[in-house]
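What TrEMBL annotates here:
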- 3-359: domain 'RecF/RecN/SMC N-terminal' (DOMAIN)
- 30, 31, 32, 33, 34, 35, 36, 37: ATP binding site (BINDING)
Ligand SMILES: Nc1ncnc2c1ncn2[C@@H]1O[C@H](COP(=O)(O)OP(=O)(O)OP(=O)(O)O)[C@@H](O)[C@H]1O
Ligand SMILES: [Mg+2]
């Protein structure tokens, strides 16, 4: 997938604008505070119905405007195009339109516009809470395994039932046993998809990382959220008392994690900031390759402040990997000289200069 047109109104400091980006490399450059990240924010909003900086959408709306909107025309993998629109007002009203129809959920947007974000906060994937790594993992599984979403929804429902029962005990034994069976079956299904995904991801990740860094012995492993040698039903039965005390279910896929280790330590504790960024880039680029292989379209990369924390050699290596993915990429930087050269002759590159919220195209990929 790629965005062939984007129209942005009242997102942060951006003046209303319509862009026709390159299907491959797009570079947004300009001074600090000019609005580069805001463009990525607008695309993020279109693909996920939420901001990547704030959990609230309110700060994304221009101070003086009642609502922000983003429209995009997406070129689909199977040919043809789809028109997406998202609008959010100050009262919290969110409207998602897909080809002129109101959409039911943000998952529909995510399916049409698979986004990968690489920004200065990316190291959190290594350092942060397991939830961030689960989101990373599930993004990948969602985009290559269409049965994942259904299993995930079943799990959430069964888990809500069980946690409510743990707290209030309102359900009779037989009904709760039925819900537990549902919980275990959805959990096994999710575990199967996640495990297969990690198995496919690992060699691609290792290959990608080797292009960026010489890190002998970095291992990626998957923890499913409960003892690998026991059935979930058995684990649930043995931890029932503790679950009741805590009021929620401790074991299960909602506790899964990915572990990156180096020389017997958590990789996040050992690697430098720049190395962490490169490891995260390798993980995200590997995900892009798996999306490509699944032939359900391609993802779009939003790379905020690419040069930060990377030296010349690593910056070039990363650009080459992004280019080799054949995906659409939006890259922001302060100094465009750092990214102007080095792309292959036949790669269409567009450049946009951002200044006080106004965007001017300085290089057109079609020329
Ligand atoms: N809701 C809003 N309404 C209007 N302006 C806003 C709003 N939120 C943020 N801004 C302003 O938008 C400007 C652009 O921010 P943005 O993060 O896009 O800059 P940037 O070009 O990415 O800068 P940097 O190079 O420092 O990362 C900032 O000056 C910020 O103060
Ligand atoms: Mg920025």
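Every residue, even glycine, has its Cβ placed from backbone N, Cα and C.
A quick note: this is a predicted structure, and the numbers were derived from the prediction, not measured.
Screening the binding-site residues 30, 31, 32, 33, 34, 35 for a C-beta under 6 A from any atom of ligand 2 leaves none.
Each of the binding-site residues 32, 34, 37 was scored by the other Cβ atoms within 10 Å of its Cβ; the lowest score goes to 32. Between the binding-site residues 30, 33, 35, the minimum number of other C-beta atoms within 10 Å of a residue's C-beta occurs at 33. Cβ proximity to the ATP site centre (mean Cβ of 30, 31, 32, 33, 34, 35, 36, 37, cutoff 8 Å) flags the following additional same-chain residues: 38, 332, 334, 354, 355. The candidate set comprises the binding-site residues 31, 36. Of these, 36 has the most other Cβ atoms within 10 Å. Summarising model confidence by region, the domain 'RecF/RecN/SMC N-terminal' (3-359) averages a pLDDT of 93.
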